[in-house]
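Features of the protein shown, as given by TrEMBL:
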{"type": "TRANSMEM", "residues": "30-53", "note": "transmembrane segment"}
{"type": "DOMAIN", "residues": "45-293", "note": "domain 'G-protein coupled receptors family 1 profile'"}
{"type": "TRANSMEM", "residues": "65-87", "note": "transmembrane segment"}
{"type": "TRANSMEM", "residues": "107-125", "note": "transmembrane segment"}
{"type": "TRANSMEM", "residues": "145-163", "note": "transmembrane segment"}
{"type": "TRANSMEM", "residues": "208-231", "note": "transmembrane segment"}
{"type": "TRANSMEM", "residues": "243-265", "note": "transmembrane segment"}
{"type": "TRANSMEM", "residues": "277-295", "note": "transmembrane segment"}
Amino acid sequence: MRQTKNTSLDTVVTDFILLGLSHPRNLRTLLFLVFFCIYILTQLGNLLILLTVWADPKLHAHPMYILLGVLSFLDMWLSSVIVPRIILNFTPTSKAIPFGGCVAQLYAFHFLGSTQCFLYTLMAYDRYLAICQPLRYPVLMNGRLCTILVAGAWVAGSIHGSIQATLTFRLPYCGPNQVDYFVCDIPAVLRLACADTTINELVTFVDIGVVAASCFMLILLSYANIVYAVLKIHTADGRCRAFSTCGSHLTVVTVYYVPCIFIYLRAGSKSPLDGAVAVFYTVVTPLLNPLIYTLRNQEVKSALKRITAGRRAASENK
């Protein structure tokens, strides 16, 4: 149980200092360039996916690729919430973030992260319907239903983020104000509270655990049914095509969930690995998503070729 700090409650924290990632001083310039390049490539890669889905009629008429476009949009925002602050850590500028800015960052981080969690579940459900009930798929997963489900994921993510931000910042913060992390996240901020945080830690564990575990179990259930249906396909070519449509999503889900489970379902952990793992799923995963879907998804690659060929033909006709 966390005990109340002895710091006077008359002192009110007005800003926090994000200590960022531990690093040798002589590598500051190199790390600045690495994270800056990662950020630019993340934005460009996800923007490419987003524009491809929007520009190609065959993609934006398909629920699976609507969901992919929304995922790319979320990745762009998640990267923008996290990476610029990491980059600032490698510069001489102040590492301070206003109290309100810390609240907003924590809310945005959990809003976007939980919305992604729900979106991955919707993508698994879409693949389940497409493979297990192909004849009824156009009726069961149409554009209107897809829009409603995506809107529901955004609303649920917003509620989740609001709960976490409210519970975290209802506590008094009276000093110190140095957050030993690269982002205003719940475990790091709670260590600075001038009050008992046992209830917060329990609610955080249960809330995030329930959201993550429920989504993960639904994804596993969807893929268990998919595997069963695919194994009933008699031709090897048919099985390969069915599995290939799910391979990209399954890869992304694994890359996303394993780090989340490592960090949030180990209550009270202060492992030095937490920072490295968090960087992977908040910084590297948004970069990998467009690469995974571009390299492994034949329809996305075909759409990119069609768009490129169309622009080349248009420029030649001028």
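Cβ coordinates are placed from backbone N, Cα and C, and glycine is handled just like the others.
Bear in mind that TrEMBL entries carry predicted annotations, made automatically and left uncurated.
In summary, the transmembrane segment (107-125) does not lie against the transmembrane segment (30-53): fewer than three C-beta pairs, each 6 or more positions apart in sequence, are under 8 Å. Packing against the transmembrane segment (145-163) from elsewhere in the chain are residues 63, 66-67, 70, 106-119, 122, 126, 207, 211: each is 6 or more residues past its ends and has a CB under 8 Å from a CB in it.
Counting residues 6+ beyond its ends, the transmembrane segment (30-53) has Cβ neighbours under 8 Å at 21, 23, 59-60, 65-66, 68-69, 72-73, 75-76, 79-80, 83-84, 86-87, 90-91, 283-284, 286-287, 289-291, 293-294, 300, 303-304, 307 in the same chain.
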